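Enquirer: Take this structure, written in structure tokens, and hold onto it; I'll ask about it next.
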Amino acid sequence: MALSRLRHPLIFRAPSLLRARRLLAAGPCNSSTLRSLHHVPGVLNQIPDVDASSLSLVRPLNFRLLSEVHVVPSKLQSGVRHFSSAEAPSYTEVGMPALSPTMTQGNIAKWIKKEGDKIQAGDVLCLIETDKATLEFETLEEGFLAKILVPEGTKDVPVGQTIAITVEEADDIQKIPATVGGASEVKNQASSQTDAARGDGATEVSPANISSSELPPHLILDMPALSPTMNQGNIFKWRKKEGDKIEVGDVLCEIETDKATLEHESLEEGFLAKILAPEGSKDVAVGQPIAIMVEDENDIEAVRTSISGNNVVKEEKPVHHDVTTEVRTQTTGFNRISPAAKVLITEHGLDASSIPASGPRGTLLKGDVLAALKSGKGSSNNSSVGKATPSPPQVNQQATPTKSLDLKSDGQQKDAYEDLPNSQIRKVIAARLLESKQSTPHLYLSTDVILDSLLSFRKELKEKYDVKVSVNDIVIKVVAATLRNVPGANAYWDDGKGEVVLCDSVDISVAVATEKGLMTPIIRNADQKSISSISAEIKELAGKARAGKLKPNEFQGGTFSISNLGMFPVDRFCAIINPPQAGIIAVGRGNKVVEPVVGADGIEKPAVVNKMSLTLSADHRVFDGKVGGAFVSALSSNFSDIKKLLL
């Protein structure tokens, strides 16, 4: 997989430079020069009241950002250098860097350098697990690693917290005062104590509760973050088994994320000693250990015997609820009962006194009874219905002989349905659709277009040039050309800025139904491609989508969507916008209709034509009446004369 490299000039405002300047003015003996470099992409923050010589302490930095699941070196040094003429040597405090725009904390996955090691510019100090992926943290300075303040395996280290101390000379390592970095260590201890106090019965396997002292040299593999929005994943399949030899680049397992099923490649050589999250594990949190690797094959058995299977998966102590106490604390008494609730209680033989009433003035509602049926809280006790329900005595007499029938019907109803577990993809689709419908003001515009020109053009391509394309391929080209003609439609709404942002390229997302859910592979720069190339590309992407082999860059970042149900008996429908996009076209099937058509003699005559319904769902913040009308008008015009798309 190719790595995209993004370089930004990075300069951060360092308020402490003001204090450093005042100390420098006081005299060289008390001088302390501060340099703080942090990640602020694309922003140059001016430092007030600092002269030109002080500005030389801040330099532009570059780093390479991750686009996929690979370890990428990040040349971002975050630190504070201290100079002093006292007995303590000069040293640099290396802080936790911000390796992505959204990163606020990170985990120390592995220290590549050890205390006392010589460091050259460009050497990798450690591997840092961010909110995006695991990145290599490179140094920009020469020197020696004097002290590691945040040990390997530490979780949730805030950006800016000191993680190590470096010095320029090897002799200065022993001269570093013990108090240096003490605040950072105290912060780590406080964080650990807070996490311990916060425990509510859930235990998670981590380097902290896997006793490293009992294990041979090993590497703990965590659940990676394979997409920007991923916070948990499912272990779909393990490609490697315990004891297998692993080379760099080997696929360890397939992980089902919130986007697709992706392959997780190894970045280290060794042997797979223990699988901690077995195949089929659901909702494994990002950062949770899933396996252990060792370098020596002889250490595999030692790891297996040291780690019991009970520690492996994230466990939660069962929360025991005292049913009696819970029932007492809820409002079980009621003053009234709705007719629908009365019928349900009678049919299912429930104890009405055990069902909490949520209606106004203590009214027992139908929803209360349905909730009790779902949770199984209501017990079968028809005699209580008569006591609680102000109904005639004959109701009780009728309820008693039907009790056995009700119990039988309950058993039949339990067997009448089956719970189907949702895949991770379907869960995310459901959440995003709900979010889109609730947060995006949908505007709907419909039109019918005549397909005769399109169908004749498709037939001509097949007969004259032996080029086979589908109606959907031509629809993609027409929509892409329309977006190029109406740039205001190829845009999205920026919530942060509160304004419309125009997109430079026309990237069409095409909805493809798969067994795991709806995927939207993207045709990049569709307006610049021929219909035949669009056809070949959509076939390849659709095949990958159905096999679950789409790469993130193949389904993320489209500017407009198309959903086609024309192959089904669906005449017209309205689709839901796929955020952050601002529009989606719903394509219905073609139908033969009779319409008046102007002949060559200028006289209208009835004729049979093929018409297709198109419905635009648009974000009303981006599409006002003018933009929406212009888009629909241009779309109809392009469909009426398909051949002009070849110009």
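Glycine too: its Cβ is placed from the backbone N, Cα and C atoms.
Heads up, here are the entries from TrEMBL:
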type	residues	note
DOMAIN	91-167	domain 'Lipoyl-binding'
REGION	184-215	region 'Disordered'
COMPBIAS	186-195	compositional bias 'Polar residues'
DOMAIN	218-294	domain 'Lipoyl-binding'
DOMAIN	336-373	domain 'Peripheral subunit-binding (PSBD)'
REGION	376-418	region 'Disordered'
COMPBIAS	394-403	compositional bias 'Polar residues'
COMPBIAS	405-417	compositional bias 'Basic and acidic residues'
Enquirer: Can you tell me the mean pLDDT for the domain 'Lipoyl-binding' (91-167)?
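Expert: Result for the domain 'Lipoyl-binding' (91-167): average pLDDT 86.
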Enquirer: With DSSP as the reference, give the number of residues of the domain 'Lipoyl-binding' (218-294) in helix, strand and coil.
Expert: 0 helix, 39 strand, 38 coil
Enquirer: Tell me the residue counts in helix, strand and coil for the domain 'Peripheral subunit-binding (PSBD)' (336-373), as DSSP assigns them.
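Expert: Counting residues per DSSP class in the domain 'Peripheral subunit-binding (PSBD)' (336-373), I get 24 helix, 5 strand, 9 coil.
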